[in-house]
Amino acid sequence: MKHILNLYENINSTARNNSDCPAVILPEEIFFTVSIVGVLENLMVLLAVAKNKSLQSPMYFFICSLAISDMLGSLYKILENVLIMFKNMGYLEPRGSFESTADDVVDSLFILSLLGSICSLSVIAADRYITIFHALQYHRIMTPHRALVILTVLWAGCTGSGITIVTFSHHVPTVIAFTALFPLMLAFILCLYVHMFLLARSHTRRTPSLPKANMRGAVTLTVLLGVFIFCWAPFVLHVLLMTFCPADPYCACYMSLFQVNGVLIMCNAIIDPFIYAFRSPELRVAFKKMVICNCYQ
């Protein structure tokens, strides 16, 4: 993950020397456009929750946490492309102190985005579990203050972990730990899911109205999790292949799709707000009010 400004050249060289697959190069305009749209969409989510007291509940606080993670992923790509552009124009000294510092900052944003997304999805899963199976005690268990404390601890842990990963990113154990977080957290969420839906079936037989009223949030989380896996898994696989088999022709062929995998990550930031709006009538109404007010102003 170090020297991200030189990553494209390394991938091009690897793909050219070890396989018949040329590196897929996408126009920088695509990255800028997708990243800017992702930032604006998730900023709308944050503003909608901030401006509407009806949305200021633990569930939407956790959604805001996921939106912040998506924004960081988009900002990472914007900053990375700007730095690459400056380097190509000769404004950055190759491997100089400023480039090294900028590289660390950009890498930190990227890793923080991934860690924040995984942790936010885990917290949302736990919140949905409490909502469905402890509905009567939910407002006592999950207060807004408690939700904010959870998010503070979550982001403090993600920040510390992100800095540690960037600092020791040239060590293979760090790469293994980084990539292991992805399947471990997903395994936790999936286990919670299996338990959740098995209990939901039994609850449906006894009290049909109770789980049906709250299962919408679980379905929303299912969609969010599916999109997250689809968008991030190709990059995680890329990191593993780049670490353990960079000279293998088949690995090099897959790594030639690095920029495509990068666009997939950016698309995650664009898709998530549409999922929020489609699954949440309250958030959809807040979006409409914001758009109408801005148009009339």
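Yeah, the Cβs are placed from backbone N, Cα and C, and that goes for glycine too.
Taking all protein chains in view, 17 other C-beta atoms sit within 10 angstroms of the C-beta of C253 (disulfide bond). The disulfide bond annotation in Swiss-Prot covers C21-C253 (among others).
Feature annotation from Swiss-Prot assigns disulfide bond to C245-C251 (among others). Spatially close to C245 (disulfide bond) yet at least six residues away along the chain are C251, judged by Cβ distances under 8 angstroms.
Feature annotation from Swiss-Prot assigns N-linked glycosylation site to N12 (among others); the stated evidence is sequence analysis.
The annotation N-linked glycosylation site is assigned in Swiss-Prot to N17 (among others) on the grounds of sequence analysis.
Summarising the annotation, Swiss-Prot assigns S-palmitoyl cysteine to C293.
The topological domain 'Extracellular' feature in Swiss-Prot is assigned to 1-23 (among others); the stated evidence is similarity to another entry.
The annotation topological domain 'Cytoplasmic' is assigned in Swiss-Prot to 50-58 (among others) on the grounds of similarity to another entry. Beyond the topological domain 'Cytoplasmic' (50-58), the same-chain residues lying 6 or more positions past its ends with a Cβ under 8 Å from any Cβ of the stretch are 127, 142-144, 146-147, 282-283, 286, 290.
The feature topological domain 'Extracellular' is assigned by Swiss-Prot to 80-104 (among others). As a whole-number mean, the pLDDT of the topological domain 'Extracellular' (80-104) in this prediction is 74.
Residues or ranges marked as topological domain 'Cytoplasmic' by Swiss-Prot on the basis of similarity to another entry: 127-147 (among others).
For 169-180 (among others), the entry in Swiss-Prot reads topological domain 'Extracellular'.
The topological domain 'Cytoplasmic' feature in Swiss-Prot is assigned to 200-217 (among others).
The annotation topological domain 'Extracellular' is assigned in Swiss-Prot to 245-256 (among others).
Residues or ranges marked as topological domain 'Cytoplasmic' in Swiss-Prot (evidence: similarity to another entry): 279-297 (among others).
If one looks beyond the transmembrane segment (24-49) by at least 6 residues along the same chain, the residues whose Cβ comes under 8 Å of a Cβ in the stretch are 8, 55-56, 60-61, 63-64, 67-68, 70-71, 73-75, 77-78, 81, 84-85, 256-260, 262-263, 266-267, 269-270, 272-274, 276, 283, 286-287, 290. What Swiss-Prot lists as transmembrane segment is 24-49 (among others), and the listing cites similarity to another entry.
Long-range contacts of the transmembrane segment (59-79) within the same chain, counting only residues at least 6 positions beyond its ends with a Cβ under 8 Å from a Cβ of the stretch, are 31-32, 34-36, 38-39, 42-43, 45-46, 49, 102, 105-106, 109-110, 112-114, 116-117, 119-121, 123-124, 127, 131, 144, 147-148, 151, 154-155, 217, 224, 262, 265-266, 268-269, 272-273, 276, 283. The feature transmembrane segment is assigned by Swiss-Prot to 59-79 (among others), with similarity to another entry given as support.
What Swiss-Prot records for 105-126 (among others) is transmembrane segment.
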Least surrounded among the disulfide-bonded residues, given as C21, C251, when other CB atoms within 10 Å are counted: C21
Number of helical, extended and coil residues in the topological domain 'Extracellular' (245-256), per DSSP: 7 helix, 0 strand, 5 coil
Which of 105-126, 181-199, 257-278 contacts the transmembrane segment (218-244) most, counting Cβ pairs under 8 Å: 257-278
